[in-house]
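Working notes, beginning with the structure itself.
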């Protein structure tokens, strides 16, 4: 995955009216709080709150839209954006968001929803390597639920470092490799709750916080925070947690 800088063209240029309606329906399903992805949406809401608060604290801008020093809108890269669940709300806060994904299908779903909601996001069907070739850099790079799906996490984190401006903020969200994460993240999520399709995750590909820190520290990063996320199956609520045994978010500043 990391070695392919170019992908096939996005779907949008060659869609029939029937296909457009299909993507519109998928976009609505992804964003429906009572729909098939409601558990993912509940997870995303807590993750988004952490990201917004971390961005505000890092750039000392309570409104979240601008760099307090330059007064300019913050540039945000959402790497592996999926259906745009983070990209859209961040764009609505005033950030200039570029969102990329290896799946043309995901990009088309995200584009359709952004169009219908009137939200401006630059969606691109490409990998990080394409942006590196363009010498792009951003104030914020989000690497959420991606690093556990690539064959070389260290290479992906290195790409994130190169895509980030000095003083910029990197936020990584992923799953820890523990016994608990196997029971909760795979058995619970994929087989019991069926919140994700079976086979979505490979426990051996999960990445520990220590592995991420060891990968990015030599690249000139200072670790800001490590926060876990936990799910209560009885209340069906996600919350931030002191335990990083399963899901966790890590933020770091590029020096």
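Note that Cβ sites are derived from N, Cα and C of the backbone, with glycine treated the same way.
Pulled from TrEMBL:
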type    : residues         : note
BINDING : 47, 80, 101, 144 : S-adenosyl-L-methionine binding site
DOMAIN  : 77-172           : domain 'Methyltransferase type 11'
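The domain 'Methyltransferase type 11' (77-172) scores a mean pLDDT of 95 in the predicted structure. Residues of the domain 'Methyltransferase type 11' (77-172) grouped by DSSP class, helix first, strand second and coil last, total 39 helix, 29 strand, 28 coil.
Among the residues the record lists as binding S-adenosyl-L-methionine, namely 47, 80, 101, 144, the two farthest apart have Cα atoms separated by 19 Å. By a simple count of nearby Cβ atoms, those within 10 Å, the most crowded of the binding-site residues 47, 80, 101, 144 is 101.
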